[in-house]
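S.K.: So Swiss-Prot lists these for the protein:
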{"type": "BINDING", "residues": "12, 13, 14, 15, 55, 59, 162, 168, 171", "note": "ATP binding site"}
{"type": "BINDING", "residues": "54, 74, 135, 136, 137, 138, 139, 140, 141, 142", "note": "UMP binding site"}
């Protein structure tokens, strides 16, 4: 078993990360690669909970949602996360991982509701828990759901998987002199106006002294290196 720096973590996966190079939907090779990395971390003995977004599915129907009531659109997005959670659960099952999906919206015939004591028991038993439907409320992002669930389950860190390998002093695609921060405090990130998460999620993590690690999900082995405490991505700390 490889060494680990954390016992319990909350992994935030965006729905867009599941698209791979596709315009929307779930790219099969991408989800297989992700589950390989998740399986590696589970094999290290890390208790792993996952919050997943729904942008890859909602993007496909977004043009039809123009002018729609915001709350209605948000509920559609929540249901998209349930579809992603089921797809991820199925892929993890094929890796031999015992996985549970818990939803903030009640769809009892498909997934079980989020019940914190059950979540904690599942994690202690070595099961991977996937949280779906965000917070269950409109106007809150899945980043906020990640911060909330991370605090609720006593995660030691929120791992935010993105398309870039950390937080930079400027947009690295536009500024060749941009440098990656290895570590930065919550207060520094605010002063420098660096976008780590949405404001609500960021404030919740800061208030609960819950550190955030931003790293690239597209970088092979990055998740394992992050959990192992290596210099990967950017750590946002109190």
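Using N, Cα and C of the backbone, Cβ positions are placed for all residues, glycine too.
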S.K.: If the UMP site is taken as the center of the Cβ atoms of 54, 74, 135, 136, 137, 138, 139, 140, 141, 142, which further residues of that chain fall within 8 Å of it by their Cβ?
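M.R.: Close Cβ neighbours, site residues excluded: 77, 78, 133, 134, 144, 145.
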S.K.: Output, ordered by sequence, the same-chain residues six or more apart from residue 12 (ATP binding site) with a CB under 8 Å from its CB, or 'none'.
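M.R.: In sequence order, 50, 51, 53, 142, 143, 146, 158, 159, 160, 161 meet the Cβ cut-off.
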S.K.: What's the CA-CA gap between residue 135 (UMP binding site) and residue 14 (ATP binding site) in angstrom, rounded?
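M.R.: Approximately 15 Å lies between the Cα of residue 135 (UMP binding site) and that of residue 14 (ATP binding site).
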S.K.: Which of these binding-site residues is closest to residue 162 (ATP binding site) if you go by CA atoms: 54, 137, 139?
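M.R.: That would be 54, the closest of 54, 137, 139 to residue 162 (ATP binding site).
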S.K.: Over the residue list 54, 74, 135, 136, 137, 138, 139, 140, 141, 142, recorded for UMP, what is the maximum interresidue Cα distance in Å?
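M.R.: For the residues that bind UMP, the greatest Cα distance is 14 Å.
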S.K.: According to DSSP, which kind of secondary structure is residue 55 (ATP binding site) found in, if we only use helix, strand and coil?
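M.R.: Going by the DSSP assignment, residue 55 (ATP binding site) falls within a helical segment, counted as helix.
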S.K.: Pop the Cα-Cα gap between residue 171 (ATP binding site) and residue 141 (UMP binding site) into the table, whole Å please.
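M.R.: That comes out at 23 Å between the alpha carbons.
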S.K.: Can you name the residues of this chain that are 6 or more positions from residue 14 (ATP binding site) yet have a C-beta less than 8 Å from its C-beta?
M.R.: 52, 53, 55, 142, 161, 162
S.K.: Out of 54, 55, which of these binding-site residues shows the lowest number of other CB atoms within 10 Å of its CB?
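M.R.: Checked 54, 55; of these binding-site residues, fewest Cβ neighbours within 10 Å: 55.
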S.K.: Would you identify the secondary structure of residue 12 (ATP binding site) according to DSSP, in three states?
M.R.: strand
